[in-house]
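Notes to accompany the following structure.
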Amino acid sequence: MTELCSSIEAKLSGYLDGELTQQESQRVHNHLQQCEQCNQLYRDLKSMQQDVAQLEKKTMSEEQLETLMTDKPAKTFEWAGWLLLIGGIAVIVGYLAYQFFTQDTTALWLKLTISAIYGGVAFLLLTVLRQRLIARKTDRYKGVDL
Amino acid sequence: MTRIRVVNQLIQQHSQGAYAMAVQMLRCKDDAQDVMQDACYALLRQARLPKDSSQFRMLLFKVVRNKVIDRVRAQKVRRSESWNEESVAANEQQNPETYWQQQQAQTSIKKALAALSLEHRDIILLKDWQGFSYAEIANILEIEAGTVMSRLHRARLALRQQMKLSEGES
Ligand SMILES: [Zn+2]
């Protein structure tokens with residue numbers, strides 16, 4: 001490769017994209033007429049460019065597009081929702097437990113047994129919920145067809 | 001027109017392209033949708049937005065790309081494998097011959113692109129897939145305008161190398 005060729009080669013992408021000055025562009029154009037090696041490279045670059053341009057572009061559905069303009073990030077809402085839900089439940093459970101232990105006249109051993117049963121049910125529910133959430137997270141990539 | 005209507009129209013106009021770029025980078029439609037949501041929300045909160053269509057498009061891509069990178073860093077998703085085999089369940093075209101040729105060209109270019117570094121792949125996609133000018137690319141990637149041409153050229157040479165390699169294999 002001559003020195004001229006390497007100086008032209010560096011400009012081939014700019015030439016292809018129409019980003020050279022008129023003078024530079026003319027210089028490359030003239031060289032391509034005479035030099036088969038540079039011309040071959042230029043044709044390769046051009047055909048690759050056409051291939052890339054034709055690559056498929058995934059699109060959003062109308063509804064998805066619509067939510068971009070109306071919704072805040074869904075995540076924020078989801079978080080806020082969960083936080084409110086859990087906070088609310090915690091307050092109610094705490095209040096009921098407090099009442100149960102201080103105001104009810106049932107014997108202490110019975111109170112503890114009943115608490116154990118409720119606690120057990122709640123614990124099982126949480127475990128199931130946790131597994132569900134994990135399953136949902138690992139499922140995320142399932143629907144992807146890249 | 002009110003500001004919000006102008007912005008909505010610009011989002012409508014340009015978000016599909018940005019979404020395609022995000023899907024390609026993240027390999028996940030849900031994540032890409034999330035990123036778009038985040039990006040549009042961030043844009044809508046900005047006090048000054050360009051009303052010019054191509055300026056807006058450039059800004060949208062910049063924000064989306066940065067959000068994608070943040071997300072990838074957080075998740076440590078490996079992106080280099082994006083764009084491998086794709087289901088050829090695409091609709092039949094009138095001319096099966098040209099269709100098949102196109103599919104083949106697409107597959108080999110996809111494989112070659114997947115083998116490139118992120119830096120090289122991004123710049124090629126911004127130019128040849130999304131059609132940005134050198135000045136716009138410099139802005140999106142936050143690099144000197146003068147380096148776009150040389151980086152893009154190196155990227156294309158690397159892509160050509162990959163194409164030649166895979167031709168040799170088959
Ligand atoms: Zn030459």
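Including glycine, each Cβ sits where the backbone N, Cα and C put it.
All annotation found in TrEMBL is predicted automatically rather than curated by experts.
These come from TrEMBL:
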- A:5-38: domain 'Putative zinc-finger' (DOMAIN)
- A:38-65: coiled coil (COILED)
- A:79-101: transmembrane segment (TRANSMEM)
- A:107-129: transmembrane segment (TRANSMEM)
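Taking DSSP states H, G and I as helix and E and B as strand, the domain 'Putative zinc-finger' (A:5-38) has 26 helix, 0 strand, 8 coil.
Computed over the coiled coil (A:38-65), the whole-number mean pLDDT of the model equals 94.
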